Amino acid sequence: MRTIDDLQVTGHRVLVRSDLNVPLDHSKGAPRITDDGRVRASVPTIQALLDRNAKVIVCSHLGRPKGAPEEKYSLAPVAERLAELLGIPVAFAGDGGGDIAGDRAREVVGQLAEGQVALLENLRFHPGETSKDTVARATFADELSALAEFYVGDAFGAVHRAHASVSEVPKRLPHAAGRLVLTELEVLRALTAAPARPYAVVLGGSKVSDKLGVIRALLPKVDALLVGGGMCFTFLAALGHPVGASLLESEMIDTCKDLLAEAGDRLVLPTDVVVADRFAADAETAVVAADAIPDGWLGLDIGPASTAAFARVVAGAATIFWNGPMGVFEFAPFAEGTRGVAEAVASGGGFSVVGGGDSAAAVRILGIPEDDFSHISTGGGASLEYLEGKTLPGLAALDV
């Protein structure tokens with residue numbers, strides 16, 4: 001896989017596919033970025049190209065617009081933050097419409113001097129970006145490619161998507177992987193090749209079905225697989241325990257039984273949970289044994305005994321991969337499981353990887369220093385699919 005050091009970019013236009021998909025708060029007028037982690041992660045690649053006097057054209061998606069412009073998903077606020085981080089102006093090529101690589105983009109790109117940068121409007125405002133129709137994707141890829149002479153893929157959080165800007169544009173331009181993608185791959189290879197032992201994986205999140213592939217892939221490789229979050233209740237049901245009104249995937253119970261039988265004592269479930277009488281921050285709560293959840297109550301976090309037990313396993317591990325919160329951490333009464341696990345992962349002496357997505361958001365929301373972890377991934381879904389052993393379209397396109 002080529003790197004940007006292999007490209008002769010001085011004086012040339014370089015299209016950089018970054019992942020600037022950040023959360024925005026629209027509640028107080030002008031949109032405000034609430035977590036700029038992905039913007040910051042994109043800077044090293046962009047800066048390296050600017051240092052080589054390239055003309056840099058950054059593109060990204062944000063949110064899930066339906067192939068048409070939606071003002072709330074505009075990348076305009078991201079252009080402002082990117083300019084602050086780079087310390088130079090960022091020319092924004094958005095015109096409020098869906099012609100992402102059209103006249104406005106060509107005008108802005110045409111005015112770039114060496115060492116300057118522009119940002120295109122949200123790629124998903126164009127229906128061709130995510131279209132399942134190969135002709136539509138190819139047509140949009142042609143439009144994007146016409147803006148540049150080189151392509152750099154640096155959107156690790158999107159490499160599992162067969163989207164025009166991710167897997168089609170590299171077929172049309174000399175290309176390389178960006179700094180972020182190479183760093184992410186180095187970390188994931190360390191988790192899959194020969195991880196130092198003991199190797200502990202902590203999985204949370206809502207659904208077993210979302211994590212089934214990675215559970216099956218990791219079970220033979222790990223010394224401990226700790227399961228929390230909403231997905232733990234389907235496992236508890238598989239053991240015959242009542243789960244009240246907790247999140248339950250009934251169709252996955254037999255699968256969970258099989259996984260429990262295969263894993264033996266390597267698959268660790270909570271022994272206590274925090275339950276609530278309703279899904280709300282001000283709900284009545286109680287800590288109960290994991291096999292005694294009352295009828296009508298919802299499990300919304302792992303309990304204090306489970307948090308301590310999970311932390312002990314993590315503290316003794318030489319390699320830790322954590323993906324998914326232990327509870328509804330957005331509500332203070334149900335954040336302690338996630339906080340306890342995050343602090344254990346951060347303070348342990350092992351090689352610690354946070355698998356992106358909600359886990360990375362939790363680290364920042366809970367105020368845990370990011371430098372306390374060996375690596376915080378920018379790609380939740382991409383990380384999981386890589387660990388499953390799947391072929392990721394965006395990586396495959398760069399590796400030719």
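Note: Cβ is positioned from N, Cα and C throughout, glycine not excepted.
For the substrate site, Swiss-Prot lists ASP19, LEU20, ASN21, ARG38, HIS61, LEU62, GLY63, ARG64, ARG124; matching the candidates ARG104, ARG161, ARG172 against that entry yields ARG161. Binding of ATP is attributed by Swiss-Prot to LYS211, GLY299, GLY356, GLY357, ASP358, SER359, and the same site annotation extends, among GLU186, GLU262, GLU330, to GLU330.
Counted over all residue pairs in LYS211, GLY299, GLU330, GLY356, GLY357, ASP358, SER359, the record's binders of ATP, the longest Cα to Cα distance measures 24 angstrom. Under 8 Å, Cβ to Cβ, and six or more positions away along its own chain, ARG124 (substrate binding site) finds HIS61, LEU62, GLY63, ARG64, PRO65, GLY67, TYR73, THR130. Under the three-state DSSP scheme, HIS61 (substrate binding site) falls in the coil class. Taking only the Cα positions, the spacing between ASN21 (substrate binding site) and GLY356 (ATP binding site) is 12 angstrom. A distance of 17 Å separates the Cα atom of SER359 (ATP binding site) from that of ASP19 (substrate binding site).
Cβ crowding, taken as the number of other Cβ atoms within 10 Å, peaks at GLY357 among the binding-site residues GLY63, GLY357. If you take the C-beta of GLY356 (ATP binding site) and look for same-chain residues 6 or more apart in sequence within under 8 angstroms, you find GLY157, ASN323, ILE376, SER377, THR378, GLY379, GLY380, GLY381, ALA382, SER383.
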